[in-house]
Amino acid sequence: MSQSNQPDSSVTQTQAEEAVRTLLRWAGEDPTREGLLDTPRRVAEAYGDWFSGYREEPREYLERTFEEVAGYDELIVLRDISYESHCEHHMAPIIGKVHVGYLPRGKVVGISKLARVVESYARRFQVQEKMTAQIAQCIQDVLQPLGVGVVVEGAHECMTTRGIHKRGVSMVTSKMLGTFREDARTRAEFLQFIEVGGKR
């Protein structure tokens, strides 16, 4: 596991909780009142869950592959993988779906592993464009398929609950590698399978 993904071990749980108390006071609240007494602990624990991706190496999920697939060499698509992330600019939630497709080159991976890769990158502070590229590049580097396609849909609460306050807006990003980028037919087949924004 990459050590660069590890949280700063010099920051203690106590320090994290005190930081939450500081923010509560800055917002105008009294962190010692009954309703907020356990809030610092709860927030610190929630952060441990929301940002657990920093303690994982996504590539490890793809290391176990299967080659006995009766020569299957057609498109594999996993769509509607739900995710929750947080934007690195305002620490506000990003909630959406990821669609992943790849054209295998002799080996495939369990579908739950693709979902775990998505979760590992999503459970970090993110920019949607970067997360899209990270997921695609991880699959390409480890599985070395003929091509990879990743499409990410996300509703950004930094836009819906602050600033311009525009609800119902969804951002869509994509990353195409290999034959998905070079062959319009492969790309079109993938996009037809996932039908982003359309009825299924």
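Placement of Cβ uses the backbone N, Cα and C atoms for every residue, glycine included.
If you check Swiss-Prot, you get these features:
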- Cys87, His90, Cys158: Zn(2+) binding site (BINDING)
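Within 10 Å of the Cβ of Cys158 (Zn(2+) binding site) there are 17 other Cβ atoms, across all protein chains. The Zn(2+) site is set by Cys87, His90, Cys158; from the centre of their CB atoms, other residues of the chain with a CB within 8 Å are His86, Glu88, His89, Met91, Ala92, Ile94, His156, Glu157, Met159, Arg162. DSSP assigns His90 (Zn(2+) binding site) to coil in the three-state reduction, outside any helix or strand.
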